[in-house]
Number of protein chains: 2
Amino acid sequence: MPAEFSLIDAIARRAAARDDVVLGIGDDAAILAVPAGRQLVVAMDTLNAGVHFPEDTAAADIGWKALAVNLSDLAAMGAQPAWCTLSLSLPEPGAGWVDGFLDGFLTLAALHGVALVGGDTTRGPLSVCVTAHGLVEAGRALRRDGACVGDDLWVTGAPGDAAGALAQWRAGGERDAALRARLDRPTPRVEAGLALAAVAHAAIDVSDGLLADLGHVCAASGMGMEVELDALPASPMLAAAFDPGQRRVLQCTGGDDYELCFTAAREQREGIAVIAEAVGVAMTRIGRVVPGDAVVALECDGRRWDPPRRGFEHFAD
Amino acid sequence: MPAEFSLIDAIARRAAARDDVVLGIGDDAAILAVPAGRQLVVAMDTLNAGVHFPEDTAAADIGWKALAVNLSDLAAMGAQPAWCTLSLSLPEPGAGWVDGFLDGFLTLAALHGVALVGGDTTRGPLSVCVTAHGLVEAGRALRRDGACVGDDLWVTGAPGDAAGALAQWRAGGERDAALRARLDRPTPRVEAGLALAAVAHAAIDVSDGLLADLGHVCAASGMGMEVELDALPASPMLAAAFDPGQRRVLQCTGGDDYELCFTAAREQREGIAVIAEAVGVAMTRIGRVVPGDAVVALECDGRRWDPPRRGFEHFAD
């Protein structure tokens, strides 16, 4: 069992460098150089064992996901990821577990050029807290409060997969590995967020469930939304594993997908198609911004559909 | 039991504003304006129930301490605190507990003009993770790696009090309230750190134990240190509650004091006395930087003294 300081050394040895990291792991705090004209974007999310991932999740997947959920927040702001800090609470760390954790964490960090610059290791129930720092051109961040009446409503990728994997895991029967990968190794839509910053009016990442998260955009923007249920994209594996009724619930209320939902003017449709092609991520129009204050999900005949619940809330679950 | 979003609303309502917070609590991430010519200093520390504070600690004290340990890291860098994020994991939050927690957290934040700009709330064993952001003039941060041979070694305040309180709590006998306050409500030496940035060569905060933490400075600076045991300041309550032998162990190896240790050239003695007076914090010379790579504690007759252990390490304890 490694002592804290050798654990920190082990982490420091594997952390990548960046020119704007003046001082990384190993002092009381990190020192970072923010370029002139850029604003700092800061997100912080914690994953707790048994709450945010099944207890049997591989160490590398936990590492990946802990960073992914934070990079997803930066993506939803249209920010370029730069640095992160990591606080790791472990009951009884085997060096092997930490190595596996770092495999996942640092693989994703390297994909986005993110430097791990600090944090701490503590004894406690398994918990991973990450703070991610990104940069945006001053005044150009994507926010939740910019949706306008008449905007199209869009989603990247196919929501519902992660919730489908969780439903299969809970049921204990047949489990689809591709769905499970979407739960364990979500793809933060960083490039999509960066490209969309120029054309979208408002954005959020789908972490708590599509309708619940769109509700936050409505509240921040002082708008309502109509979601066309038949327009919601479904992945082939979700379509294969769940009947249409189940699928709809997963798509509308399932958390943990980390797709982006965003609104943009109708004139941007062509531009968004170009962006989707350029970044290699499907972008689907699923509704529109309307006057009001609520998210309404509509059947193809215009009838309103109410899900059994809006999304996942910690403490309320 | 409040749901997550009403809990976040409750926190957001109480968070103070700053002009450089472009966007605070309530979006996917915060947006912050770093002034030109300043570098960003980032510290992250977690407190877990039963590990970093006794289970019977008051909510307000946990809130205070969770921020204090992070501001102490900024102080050790000579940084001006600016913003923080908070991740709160709670098993079953009563609104009363969260209010109490915020009383302590936000009282300390207000004392230093720190804005709480984001974070998250999750379900899990009680754990508090904070990331603190500070600012320094570019190139002017205090680091661990600047100690020079011949430097004086200094400490602020009186180390050992927090460990004394913990020893009393563990023993279950008589407990000194003033010692316990030093454990529960440590004072981050922010003003001292800011003033010392101009004169000190190296600094660290005493979180793991004086000798252990000085060892980190030695390792970073490629130096050795001699600590004069009889020069170590003791508070009146520590002196009253423990015999000289016990006291010495507490002073040298006790964690959680959050005093600053720093090194400075002999020529700065007068300047440091002026700073100590100005910020109202005692600063005591306790030794010197020497060639070598180890911290040696010396009796008044020059004999070397070895403590039963160097300090507190998570996982190794």
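All positions are counted from 1 along the displayed chain.
A Cβ is built for glycine as well, from the same backbone N, Cα and C atoms used for every other residue.
Bear in mind that TrEMBL entries carry predicted annotations, made automatically and left uncurated.
Per TrEMBL, these features apply:
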BINDING   A:ASP28, A:ASP73, A:ASP205  Mg(2+) 3 binding site
BINDING   A:ASP28, A:ASP73  Mg(2+) 4 binding site
BINDING   A:ASP45, A:ASP120  Mg(2+) 1 binding site
BINDING   A:ASP45, A:ASP73  Mg(2+) 2 binding site
BINDING   A:HIS52, A:ASP256, A:PHE312  substrate binding site
BINDING   A:GLY119, A:ASP120, A:ARG144, A:SER207  ATP binding site
BINDING   A:ASP208  Mg(2+) 5 binding site
DOMAIN    A:26-136  domain 'PurM-like N-terminal'
DOMAIN    A:149-295  domain 'PurM-like C-terminal'
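Positions of the features from TrEMBL, shown on the structure.
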{"residue": "A:ASP28", "record": "Mg(2+) 3 binding site", "DSSP class": "coil"}
{"residue": "A:ASP45", "record": "Mg(2+) 1 binding site", "DSSP class": "strand"}
{"residue": "A:HIS52", "record": "substrate binding site", "DSSP class": "coil"}
{"residue": "A:ASP73", "record": "Mg(2+) 3 binding site", "DSSP class": "helix"}
{"residue": "A:GLY119", "record": "ATP binding site", "DSSP class": "strand"}
{"residue": "A:ARG144", "record": "ATP binding site", "DSSP class": "coil"}
{"residue": "A:SER207", "record": "ATP binding site", "DSSP class": "coil"}
{"residue": "A:ASP256", "record": "substrate binding site", "DSSP class": "coil"}
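Sparsest Cβ environment among the binding-site residues A:ASP28, A:ASP45, A:ASP120, A:ASP205 (other Cβ atoms counted within 10 Å): A:ASP120. Summarised as a single figure, the pLDDT of the domain 'PurM-like C-terminal' (A:149-295) averages 96. Between the CA atoms of A:GLY119 (ATP binding site) and A:ASP45 (Mg(2+) 1 binding site) there is a gap of 14 Å. Annotated pair A:ASP120 (Mg(2+) 1 binding site) and A:ASP205 (Mg(2+) 3 binding site), C-alpha to C-alpha distance, rounded: 27 Å. A:HIS52 (substrate binding site) sits 11 Å from A:ASP45 (Mg(2+) 1 binding site), counting Cα to Cα. Candidate binding-site residues A:ASP45, A:SER207, A:ASP256 yield A:ASP45 as lying near chain B, with Cβ-Cβ distance under 8 angstroms.
When Cα-Cα distances from A:ASP28 (Mg(2+) 3 binding site) are compared across the binding-site residues A:ASP45, A:ARG144, A:SER207, A:ASP208, A:ASP256, the shortest belongs to A:ASP45. The Cβ of A:ASP73 (Mg(2+) 3 binding site) lies under 8 Å from the Cβ of A:ALA43, A:ASP45, A:ALA132, A:ASP205, each on the same chain and at least six residues away in sequence. For the domain 'PurM-like C-terminal' (A:149-295), the DSSP counts in helix, strand and coil order read 71 helix, 28 strand, 48 coil. In this structure, the C-alpha atom of A:SER207 (ATP binding site) lies 5 angstrom from that of A:ASP256 (substrate binding site). On the backbone, the CA of the residue listed as 'Mg(2+) 5 binding site' and the CA of A:ASP256 (substrate binding site) stand 6 Å apart. Here A:ASP256 (substrate binding site) is positioned 19 angstrom away from A:ARG144 (ATP binding site), judged by their C-alpha atoms. Across the residues annotated as binding ATP (A:GLY119, A:ASP120, A:ARG144, A:SER207), the two Cα atoms farthest apart lie 32 Å from each other.
There are 22 other Cβ atoms within 10 Å of the Cβ belonging to A:HIS52 (substrate binding site).
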